[in-house]
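Participant: Below is a structure I'd like to ask you about.
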Amino acid sequence: MVTVRKRNVKVFTFAFVLITVTSFLLNYKHQVTMTTWDPKHIISQFSEQVRKLIKFPRRPCSCSTCISELGHSLWFDQRFNSTMQPFLTSQNALIPEDSYRWWLKLQGEKSPKNINDTLKELFGIIPGDRDPLQERGTFSCRRCAVVGNSGNLRQSQYGQDIDSHDFVLRMNRAPTIGYESDVGSKTTHHFVYPESYKELAENVSMIVIPFKTLDLRWIVTALTTGTINFTYVPVPRKIKVRKEKVLIYNPSFIKYVYENWLQNHGRYPSTGLLSVIFALHVCDEVNVYGFGADSKGHWHHYWENNASAGAFRQTGVHDGDFEFNVTLTLASIEKIKFFKGR
């Protein structure tokens, strides 16, 4: 990783000097004759060319288009806030009071533990800031696949395409064994909350979305004493995951998604939408698979044989239609590419 960065810096420096000198020579050729030789004039012209290049805005990535670039869609510009931090780490482990009070109401937690003490203990166990997704650079072009769990993935044959991405983000149960041709086999990051936890491969980063203080407490004990085994349903006492692979989704970012992108629809965002907006902030190119109904209008998971098994959509917690429209709008303005499946 470091070697690649150094190489990129060298390439950029060489290109910068080459372009500057070439630009100067071409410009100078049109202004003076071969018989004119004024060192002061040459230096002045060269300095002016350098100033022009420095003023040229630096793009946030090396892709043909970068998600975070503004000015293409007013709808997007009014919602996207590049200052929002999707990860909660030891460096920013402070939840603003308004975000904290809003977050506490999501699942009606009673008598929560002190949040500051909880975060201090948590980041004494996990580093929370050593993941490739947390490293950004203007010389990169990060291609991310966000893979949902819709039944429209069945017989889609998207597997190879999904696996070709730099990062593959999945969520909740999301089995891959037996479904590789449709959903792929590669996973780099997996979104979970305590009630949806599944054992992951050793090289997969686990992004925990906390909806209450108890969720953060669960991570602490699941990696140490194993004392918590129940939230509102049974949860594992212990989890098998490397501590450096545990990442925390920022509660303030959940509020940002709810207010900016959902416009306060539903009680709070689904894991699916949280993962899509998360990807907008950490990736340069985002391709979305496995969202929405199948071609027959059924809302179910790709591993379910019962096509009508879509009761999860009627819980009243999430506004599925509004969330899906947000995804479609992002696709229509070419901030993401949306694969509809079958």
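Each residue, glycine too, has its Cβ placed from N, Cα and C.
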Participant: Let me know which member of Gly159, Gly178, Gly292 Swiss-Prot also records as binding substrate at the site of Gln107, Asn149, Asn172, Tyr232, Tyr268, Gly272, His301, His318.
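Facilitator: Answer per Swiss-Prot: Gly292.
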Participant: If you look at what Swiss-Prot says, which of Cys141, Cys144 makes a disulfide link with Cys283?
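Facilitator: If we follow Swiss-Prot, the cysteine bonded to Cys283 turns out to be Cys144.
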Participant: So of all those glycosylation sites, Asn116, Asn229, Asn325, which one's Cα sits nearest to Asn172 (substrate binding site)?
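Facilitator: Nearest candidate: Asn229.
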Participant: What whole-number Å value do you get for the CA-CA distance of Asn203 (N-linked glycosylation site) and Gly292 (substrate binding site)?
Facilitator: 29
Participant: With an 8 Å cut-off on Cβ-Cβ distance and a minimum sequence separation of at least 6, pull the same-chain contacts of Tyr268 (substrate binding site), or say none.
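Facilitator: Within the chain, Tyr268 (substrate binding site) has Cβ neighbours under 8 Å at Leu106, Phe211, Ile254, Tyr258, Val317, His318.
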Participant: Cβ neighbours within 10 Å, counted over all protein chains: which one of the recorded positions Gln107, Asn172, Asn203 has the most?
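Facilitator: When each Cβ's neighbours within 10 Å are tallied, Asn172 tops the list.
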Participant: If you measure from the Cα of Asn306 (N-linked glycosylation site), which of the recorded positions Asn81, Gln107, Asn116, Asn229, Gly292 is the nearest?
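Facilitator: Closest recorded candidate to Asn306 (N-linked glycosylation site) by Cα: Gly292.
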Participant: Could you tally the C-beta atoms, other than its own, that fall within 10 angstroms of the C-beta of Asn116 (N-linked glycosylation site)?
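Facilitator: The answer is 12 other Cβ atoms.
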Participant: Cα of Gln107 (substrate binding site) to Cα of Asn229 (N-linked glycosylation site): how many Å, rounded?
Facilitator: 17
